[in-house]
Protein chains: 2
Amino acid sequence: MTVTDELLANAERYAAGFDKGALPLPPARQVAVVACMDARLNPYGLLGLAEGDAHVIRNAGGVITADQLRSLAISQRLLGTTEIILIHHTDCGMLTFTDDDFKESIRQEVGIRPPWAAEAFPDLDEDVRQSVRRVLEDPFIPVKGSVRGFVYEVETGRLREVK
Amino acid sequence: MTVTDELLANAERYAAGFDKGALPLPPARQVAVVACMDARLNPYGLLGLAEGDAHVIRNAGGVITADQLRSLAISQRLLGTTEIILIHHTDCGMLTFTDDDFKESIRQEVGIRPPWAAEAFPDLDEDVRQSVRRVLEDPFIPVKGSVRGFVYEVETGRLREVK
């Protein structure tokens, strides 16, 4: 039995207790959250989000790459979100390596260098600012009146804004 | 007062009740979930995940692009996950448009055609299979013994495996 099988048993319980009915496709709170994939960062618990409230976009680091810009353009243009919340966090794996070392280690094992930038970063607050700036400079995201960046502290559960 | 400000008030309550202490960086359940950003799809509620359990990677459609492959490579190689769960869902926004139409509408408004593929898809189950295959064919993801794809039914709360 895999962990996936165990989680599927949880999904059956979720379906058995499901009482939300058909919620609308556009997010009720008109917010898109972009966050790191980190296991300790739970955007639902942290921000008090319920089913139907917000788009949640996540990747390694919570960094803004072309795919986040694509998702945000779709979120705003087709589904009406107007605010963006970016969340990095303390003790992030992306602080523990460099793109060059990671890609070189893969090349040594696989024989091919990955085509993507790994997007590791040495400075947490500065990378939040970098991500905010990538959003603000993107020509395909139409609404930029509320684009704010935060660091989630995994040790304390606190969310701190980066100015 | 923005919605972001309201959610920040929720975050203060979360921090006030935070009792998890410093959880380990690697996900306890060694699972990475790749899901659509859709507001109605809550991977924590659905799969019974708690803080510390699993990486959660999300974008528009839950499709596998270069950024998901980057995140999965980091998840497995640096943080020890070994199973992958892919989740698309019914009533997805990605079923409602075509890449060409969306990108042309942006070009007409902004004057530039976006450099990314929008990744819209006309067939839900087939796109889950497409995503699974993109993972299985990627040379940089080392562990592929449990890569399974699902459709979450937003109407019923049910999770259905795609074979």
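Each Cβ is built from the backbone N, Cα and C atoms, and glycine gets one as well.
What TrEMBL says about a protein is an automatic prediction, not a curated fact.
Here's what TrEMBL has on this protein:
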type	residues	note
BINDING	B:CYS36, B:ASP38, B:HIS89, B:CYS92	Zn(2+) binding site
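Structural mapping of features recorded in TrEMBL.
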residue: B:CYS36; record: Zn(2+) binding site; CB count, 10 Å: 26
residue: B:ASP38; record: Zn(2+) binding site; CB count, 10 Å: 29
residue: B:HIS89; record: Zn(2+) binding site; CB count, 10 Å: 23
residue: B:CYS92; record: Zn(2+) binding site; CB count, 10 Å: 23
Inquiry  = Centre the Cβ atoms of B:CYS36, B:ASP38, B:HIS89, B:CYS92, go out 8 Å, and tell me which other residues of that chain have a Cβ in range of the Zn(2+) site.
reply    = B:ALA35, B:MET37, B:ARG40, B:LEU41, B:GLY61, B:GLY62, B:ILE87, B:HIS88, B:THR90, B:ASP91, B:GLY93, B:MET94, B:TYR152, B:VAL154
Remark   = Filtered binding-site residues (B:CYS36, B:ASP38, B:HIS89) by Cβ distance under 8 Å to chain A; hits in sequence order, or none, are B:ASP38
